[in-house]
Every structure is written in structure tokens, then in C-alpha cells.
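Taken straight from TrEMBL:
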{"type": "BINDING", "residues": "E:92, E:130, E:131, E:132", "note": "phosphate binding site"}
{"type": "DOMAIN", "residues": "E:17-146", "note": "domain 'Exoribonuclease phosphorolytic'"}
{"type": "DOMAIN", "residues": "E:166-231", "note": "domain 'Exoribonuclease phosphorolytic'"}
């Protein structure tokens, strides 16, 4: 039984996030780096800032932001093969890498960034549901740090603000008919509907990806999940701000 | 200018689909096959029914449905490299193949299907926006034909109904602030927000995938797009039914 | 029994082609495009004309023509794996792509083409024997259309004729000791000898590829097959001309 | 000038082979092994005999013969990349491997071979034209040795003769209007027409592959080339017999 | 200047290790897991214990131990491409994975392990020289924990001791003519000679890999490096013991 | 029994090399080429000299030397798959290619070589232990010939000596407690310790790679093996000189 009188298996209420921690400065090499935890889900996010852009963008005066996601082989309960060993990246990995990149680009002003590239690497050290949403939320902080670093080095023109807002992400889902915020793994595998929502700090949507795992879902269910997600993202935005305000 | 007094570049009103045609029996080999057109977008969908299931499912008594999507190299305005030549499948192709598979599995009763597998191949012959939604809509019809074929051959137990409903998909998006149904390519590339929605015939949701291409979108915009999408899927459901009711 | 009193399983006489249809203008994007059918074998051929040539040919003043062949997974009786999914192109596909390219280059004057490239894509939608010969025959028509398009756009110098002739191809084989023209799949798999012949419109040879499937074949058998093939190619040349003379 | 009064650049007459040497027993590991030279073209052929057959042939009572061809990177005048390094086998390599396999299978009685497999590896140590024909001619001798070895080990049933004949191959081509036998590299690159012919010892054809490199070729030219090839194969058959009759 | 009066850039004496920390229990999923640091080099090692062995070892009654090494893309000063993205594992990665596996197998009694497999994953989170030696040293502790776990679960027969000893590794090298222990990155790139040494707890050698980066090295230099390495491995053995004696 | 009163299975004393032969000029195409034999181990080494260097080295005024190692599929007792067919290079091949390249670069003065590249290809025709050491020893001779060729062609500045010394390699190992020089295959698979040593002509070390196959080895054993290896390399150096002094 995942829900007992509205109490979840880890004791949370339906609308509560797991404990969120965001540690900055986790790498001595990367321009921005964060170890983010959503409960037992831990993702290591680095932002690599380099001057120059991919060939197809040269001379445009605009920058580029992209992301790569990966799970360590034993980040999950049973060991998975390394994609490097299999020689090809799986569909799920591709999908999530693309989602993270799009989500962060939604708050980037390419002109202000100038012809510079930021690559976000999100490596899951331990997985317990919500790895892609933790990755987006942590990558935003690493990105902000990398941009701050570049401003300090005068690699971005004075007065330009490449970040147009903040972005965070959370999962929501329906378990036993009840809409839940920030699903852990056990909840995720039993959810009837599973949705990942990416929001900006002002409560607008960047991405909405909802999937019926079992039964198709009705419009009211969708509406309930969206409400819950906006609340969650707002809380995560506060955690991001707090992390960025502390001294790294 | 894509919109002129609410009239779209191809003359449609914002809430109108492009002309939809569904031709069944397009292959003499496949158990189900359809050539579907959404305007100038043409997708060839085949359903291959085989007895037996992948190894991980053997002995479960349950069947499996999966899909592969691909674009012919010159289905687009400029020729793209073949993924077979490049030696790897791109992220977008992976993503869409997975989406089609999930969408069709949402209306499948695995027990009723028995230990049989249906593979849907969706090859885009000509692209003009909405290839994934046309693929889902056409693949449903090919799937229904393949299941009918298997029932005729007694490969499915008498009285079992592997299909629990119908499924169709459509794209919606905001162009110049106006929500539009079933975007053609030119609209798609300029849309501020782009959403693909997969619905069952009774108006419930199987997948909702919305992306802010430029500005993040507000809740009311999202609501407007969802309304439009449900309307579109309902119309497509009628076209599917009509095609299936005709003699192949 | 494939042959009954010299009548073939589909009712043809030994020296008869299957019904041939050539539909031009099948793609709104490609500079030349054809759907060709040899009986139940259907191949979709597109010709993509682009200015410029591969790096190794730059500055030569000469153009380039190349081809890629592929079968849709369910073009055959049982579904085959996609080569993109397997991550490598098989030997047969390679062989046929190279054959198509060589065959068309045999009627190209590279100087007259100028530094332009034409890529022929031949995708088999439905296979019933003779896919490579149908591909060559159809690709010639698509190539001619693409060159006509380029002449209209002044991408080829006025007065230059990049096409030095016409080219068509047909299969021949010995079944039950009888030489047959244009084998369908059932004939092909039982043929003792199988030959593909590519001829120009004036009856000269571009490619001759004969293989003993069972017993080695004698010189007189080879001679008989070559006679039959020349006849077949001449008829196909007439069909090509007719298609090109009609309004696309 | 490749031809001077009918004398070729290496002093041969048009209908003469280059010096052919066939050294057996070149490997202490392989069941059959040959170093064959056609002039400066040197190919190392090994025949690996193993009990058992590929899965798709198990239980048939029939054996299998297959071949792999490869060029050492510096077998040619300028170094080529290794296909293992590029991670994929090129079309030409695929094509030739398949040709060698088919040619040898033409003289194999699968039933007599029993459920055993012979793999022929043909590695070009030095290339000077005609590598595929030298490979076929040498591989036949290695195959005969491997079968002899297996008969000695009683791995083939007493009295069964897996080899139904002998097979050899030679290239022919038209250079400066003159049909030539066994082209060296310099002749090969300038030939107007290039043909590889595989014959059995009794002068029948196993494979005929002719290609117009420049102008299409006429029927009489084709006839002349076939005559020349049969003569060449007959001489090669004598060289094979002589090698096999000597003590390895 | 890397050395100033025998003092190294980070203040160490030539024969000193960097600070070593070994944190056990870093993953909630893996049967054994360790975060090991050699100064700024940080490697995350997990040991995955599974019942059963690879096919080639089935029925032998013996177990198997193997390892995979990888660097996160931004573990280094400038970002490296992911091997999964490139689609192939580089030579250096292969080499180190094999070294780690061999080193750990040197202290394994396969019979005592029984038909079980342990896979060690060593992922470099931050690199500053000596990643392979830190990986071996940390992987040993993770392996010991996984074996302890399996003994607790009775997956190993009572009384059997799969570990026959302990194993640790360290790098040594000659910089400016002075032999140094445990090189950091800056020392590593300027070393004239670079050696990785793997020792058991009793001071015997498992692997010795020395490479002249500039000048070849003399026998006395080799002897001096080996002395230093044995000292270093003994100290690391003590750190391993201490970590294992503490409560995870 | 591999050792009988100190006599090895092939009759050698523990400190003896197998018969070594070095044939130069084995390829008409390569700038340097050698067929080297260490007993039954035969490796074909070619050195390809080309003007220019890889991109990352352009403008440095320095040259580059690299190597690729490969085994023919039937160079071993049972046939191995081709790496080109598997589509990826195995770890062992990578490791040995890198070792050969490093070993030869140890005696190269890049400045004296100028912006030229030498690629060494070492293809094992027959394997009986020690293929990598034979490859290094033979490749040195091929490299010397290629450099001599380039000096003759004035592709290297007059008076510059790109070779700073000579390099050879040999394997040593402990079998039945006895240190042996230059192990053949049967000795190699039973050795308790296995070491490959690369030395310059003046007895200094370029590479030392020792591995405990069974028990870890003690310092005195290591010392004894190193003594033996230096002796072996000195003898090989003499064989190299003799080969180079003869007329190719």
C-alpha cells in the first residue's frame, strides 16, 4: 500500500516535496557545479563554459546551451550496462538530454550570452525517481554559476544578462487516484499517470510532458496535476535562490 | 505573415484540421497497412503481426506492441542523411518511436492480445509538419487491421478484444498569439508554443507534450491549446472510424 | 510448378515483362521523383539536386551522381530489421546502392553537369523480385527530371546536356531450364541462374551480373539470357520515354 | 601508353596471365592455407574448418562455406584506413567477401560436407590489380586442403566428396580497344570495361560481373572478353591442380 | 618549478602520499560502495554482486570479477567527449578497465567465491592524477564490502574466504631527476618516467607498468621507483584496513 | 611438463631466444617493410611515411609516429572474429597498438623528423606468443627504412637524425618457478608471471609491463626477469643491426 489515509510510504503528504539539498562548488574544474538531492535521488551537475560556438552558429553573435544526461551503471537498484560499452545511447537518455537542454535554453538570451557555449552534464549518482527533474533544477544553478564566472572573467559583455529567468522542474502523478507531488521510485512505477513539468520562477510553463501509464486521464486530473506541479516548482525556485545567495 | 485576419497561410481557420485521408491495404505483405495524409504530410504505416513475444515477456501470457518511426531522406525540403548510413539513430527519431509505441499501447489489453507482437513501422514519405501525430493516427488504423487479421486467423482467442479504445493525435500551437490546430511546417517553425496531444476516442488524454519554443506559456494558453486538441482528436477519431468501416 | 506449358505462375510468357508503371512528381520536395512499379514491386525514387560537389571533387569543374538503396522493414513478406537500428548497412544494401550509382553515372557527362551533385534515393515500398532493376529504371527518370529542373533554374550552363543517353535494367534467369525475363520473387528464389543486366537505350551494356545459384551455367545459356535482357531493357526504355514525354 | 604494338606495360601479350604462384601450408594453425600471387598481387588465404554450422542451419544435415576478404592498410600504394578503426566495413569489402563465398559454394555439396563450416579468410598483403580473382583462386586450394584434412580426421563421412568441381577466377578488360587478360593495377584504372569472371574447371560460369567504366560496351566486346576469361580460368585451374598434386 | 629544495608544488616531500580518504556506503543500491580521494582525485567505486557467472564460466563452480572505469566528461580541466556519445570506448579507458579487473582478480579465490559475479564500476568524479591507482585502491574496499554482504546473505558458502589478500596501487615517477610518490596531475605531465604499481598487502607485486615519457630510464632509476611504490602501497593498505574496520 | 631439467618444450635453455629472422623489403608499396619471425610468431610490419602531420600538431615543426596492431583472424589456433566485422576494436588490440606507438616514439626526435608522419602497421600473420614484442622489434627496422627512404627523397632536412637510438622488445616470464626468456604460446598461458620489456640498444628501459597471472611476485623474481629481458633485448638489437646492414 503506497498510500495510507493520504500518507505516503515515506511519510509525506501528497503535496509535499522530498527534502531538497543543493551543494554548489562540487568540482574544482567546472565553471559551475552542483550536487543536488531530491531525497535519495542524487545528480551531479557541471556547467562547462567555453568561448566559441558550434560551427552552424558561428558569426551569429549568439551563444549556445546544451546538455547531456547519463546514469552511472549502479545508480539504480540493479546494475545497467554502460551506454559507452553498448556503443550507442538509448532512447530514454537521448530524450532526457534533449529535455534538459530545451528547458535551460528557455531562460537564455543568446545575444546576451555572446558567442559562448555552456554544456551541462547531469550524471545521476543515485536514482530514486525524478532524476530528470532534479537534473534540470540542479543544472540551472550550475548554469547560473558558470555565467557568473564568465561575467567575472569579462567573457560576457558588461551589463548583459544571459539569464532571463529561473527554471525548475518536478514530477507529479496519480497514485491510487490521488495526485502526488515529486514521486519517489516506488510511487513512479505504480503511478497511473506520470507528468514532468518544467516551470519558470514566475509560474509559467516551459515543458509539460504527461503520460498515461495505465488508463487515459481526464481533463480534471490533468488540471489537478498542473496545479500541484506549479506549487512544487515555486518551492524549488526558492531553494535555488537560497543556494545561489549563499557563498559557494 | 502567417495569419491574416485569423486566416492561415493555407486558408484554414485556426481550429481547422488539414484535409485528412486514410488509405488502407497499401501493402500486400503487411497484416495492416495505411497511407495517411494530413495535408501534404504523408506517412506510410504498416502493422506486422507475429506470434510470440520478446524474451523478457515469454510465459507471461501477454502480448507486446512497439513502433519504429523514420523519415525518408528526401521527405523534407532539403535531403537529410540516412540514419543507417550515419550508423546511429538520432534523439528525435528515438523520441518519436517511443511516443508512438506508448500511445498505441494505451489502448491495448495485453492479456487479450495473448503472446503475440505487433510492430508498427511509420515511414514518412513526405513531411509538412505533424509527422508524429499523423503517424499515431494512421498506425492505429493499421493496428486495428492487423488485429482483425489475427482474429480471422484465430491467432487471438475468440471473444477477446485486444483493443480497448481508439487513439489519435494532433499538434496544436500558438502562432502570433493565436492558438492553431494541426500546424503545417511553416507554422510549426514559427510557433511560440508547440504541443502534441494524444487522445482516446472518448476525449481522455494519453500523452500531452507541450514545449515553449520562445517565451514560456501561461496556464490559460495551455488550457486553450488543450481544448483545441481535444476537438481535433475527436474529428480524427471520426476519420479513423470511417476508414475502418469502409471495405479495405 | 512455376512453369506450365511455358506459362508462368502469373500467366506471363517467358519473354514478357510484368506491367510497368512510372508515376512522376510523387514528392513535392524533391527535384525529381518517381514511383515505379514492376508488377507488385514498388520503388520510390527521389533525385536531390544540390549545388556543389563532395570535397574530393572540388575545383574539378565536374559533377557527381550517387545513389542509396533501402528496403522499408515490411516491404517483404516477413519484417526485416531496420539497418539504422542494427547500426550498420548490410552487404546486400551496399552492393545495390553502388550498382545503382554506377549505372546512372554511365550516362552522365560530368563536365556538362558542372559542379553539382545529384543523390538518388531508392526506397523499396513493396518487394516482389527485381527491386534493384526497378530502382535503376525509376531512378533514371527521377534523374532526368532533376536535371530538367536544374536547367530551368539555370544551374546548368545553357546548351550543356549532362545526360548522354538513357539507362534501364532488368533481371533474367533460368527456371526449370527455361530463360525468363523479369523474375518475380517466387521465380527468383527457384532460379538456377540469376542475372541483372543494365543497358543503355541503344542496346549496349553498362553492367552484367550473372550468378549461378545452383549449377554453373554454360555459355549458350548465358547468351540466351543476354538476348532476353536486351529485349527487356529496350521495352523499359520505351516506358521511360513515354513517362518523360507526358506532363508530370 | 599502356599498349605498344599489342605489348603490355609489363611485356605480356593481351591473352597472357601474369606469373602465378601458389604456396600451400603457409600457416601452422589453419586447416588449409595458401599464399597466392598473381604477379605483384599477393593474397594470404586460410581455410578454417570447424564442426557445427550457424544456428539457422542446425539440424539440416548440411554444411556451410563462407568467406571474408580484407586488405591490409598498406597493401596499396597509399595507406588506407583500417575498417576496424573506422568501425564499419565498406561496400567494396562486403561485395568481394560475398562474391568469394558464393563462388566457392558453387562447387560444394552441402550434404556431403555434413554439418561442418569452412570459413575462408582472404587477406591481401600486396595489391596490384585482381585481388578478388586471386583470392577466389587461392581460396579454392585452401578449401581443398581443409576438406582433405577433415577427411583425414574422419570429420567427413567416408566416401563423401564435398567438392563437386574446381573453381578459379580472372579479370578481363578492354584497354585502348584491346581485350586484355588478368589486368594489373595500371591497366585496371584505365580500362574502359572491366569484368571479373569465375569459372569451374570444365569451363562453365559461376559468376560474370562486367562493368562499363567509361563507354557502355557492345555485345561483341562482351563476347570477346568472355572468351578470354574462359581461357584464363582454364590455365589457373591447371596451376591449382599442380599445386594440389605437389606435397604441401 | 615543480620542485624547490625537494619540496613539491603542493608542499609534500618526495616520498609522501597525498591525503587519502575512503568513505564507505556511498550508495544505497550497491552491495559495496566507496568514495575514495587521493588529494583532489575523487573516484566513486561501486561493487555490484550478482548470482551467476558469464556463459563461458557456467558450471565451473568458479566466480568472476571484472571492472569498468570511466571519467565523467568534466572530471578534467577541459571537458572531454562522452565515450557513449562517440559510440566507442577509447584505448586508455579499455586499458585501465582491464588493469583494475586484473588487479582485483589477483586477490580472489574463484572457487571460494562460487558461481557469483562482482562488477566494479570506477567513475572518476574529479581528476588530478592517479585516477587508476585510486580506483584500484577504492575498488578493493568496495569489493570487500560486497563480499561481506554476500556472506551475510549466505550467497557464499560458510567458511569460504573469496579474498586471499588485499590490494592497493600507487603511481610513482621521476620529475627533475627526483623519484616522487603519488603524482598529482601537474607532476604527471612533466614526469620523465611514469610508473603505476599494484601491490598486495604483503609487499608483493601484482602489476608493474613503467613508461619512459622522455628519456629511457636506467635500472637504478627503476629500482628506486619500485622501492617508493612499495612504501606507498603499504600505507594505502593501512588506510584500507582502517576504513574497513570502521562501521560503514 | 613444460620444463624438464631446465630444458624447455622446444628444447631451448631458459635464457635463450627463439630463432629470429628479419626480412626487409617485403612490400613494394611501403616506405619500409619487414617480415619478422620470433620462432613461429610471424608479424608483417610496414612503415608508411607521409608528409604532413595530424591537425593538432600542425605548425609545430614536429613530426608524429603512431602504430596499429592487428591479428589476422586465423593467426591463432582457433579462428577469431575480425574486429572490422564486430565493428569495434577490442581492449587488447588498443593496448598493444598504443604500446608499439609509445615504444617507437621513445627513439624519435620529433624536431628532426619535421612535419612528417610515420604509421607503423603490425599485422600478425601467425601467432605463437610474443606477438607484441616481435611487432615492436620488427617495426623499428621498418621505421628505420622509412626514415632512410625519406632522407633519400630529401623529405627530411639534410643532417637531421630523427632516430635517437634503437628499440627492441621481448617477453619474459616465470614458469614452474623458473624465469624464461621469450615465451612461446604454451609457456605464456601457463606462466605465473608475465612481463613485456622494451629496451633501447644501450640497455635502458622504455616500457616495463609485468603482470602476476597467478600468485603475486616478489621483488627478487622481478629483478631476475628484468636481468633476463635486458639480455634478450641486446641480442635482438644485434639482429636488427645485422638486418639493417644487409642490402634490402
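Including glycine, each Cβ sits where the backbone N, Cα and C put it.
Shown here: features listed in TrEMBL, placed on the structure.
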{"residue": "E:92", "record": "phosphate binding site", "contacts (Cβ under 8 Å, 6+ apart)": "none"}
{"residue": "E:130", "record": "phosphate binding site", "contacts (Cβ under 8 Å, 6+ apart)": "E:38, E:41, E:170, E:171, E:182, E:183, E:184, E:188"}
{"residue": "E:131", "record": "phosphate binding site", "contacts (Cβ under 8 Å, 6+ apart)": "E:41, E:43, E:69, E:71, E:75, E:96, E:124"}
{"residue": "E:132", "record": "phosphate binding site", "contacts (Cβ under 8 Å, 6+ apart)": "E:69, E:96, E:99, E:100, E:169, E:171, E:196"}
Give the sequence-ordered set of same-chain residues, not counting E:92, E:130, E:131, E:132, with Cβ within 8 Å of the centre of the Cβ atoms defining the phosphate site. E:69, E:96, E:124, E:127, E:129, E:133, E:134, E:135, E:196
Taking the residues E:92, E:130, E:131, E:132 listed for phosphate, what is the greatest CA to CA distance in Å, to the nearest whole number? 14
Is it possible to list how many residues within the domain 'Exoribonuclease phosphorolytic' (E:17-146) are helical, extended or coil according to DSSP? 42 helix, 43 strand, 45 coil
Tally of DSSP helical, extended and coil residues in the domain 'Exoribonuclease phosphorolytic' (E:166-231): 19 helix, 30 strand, 17 coil
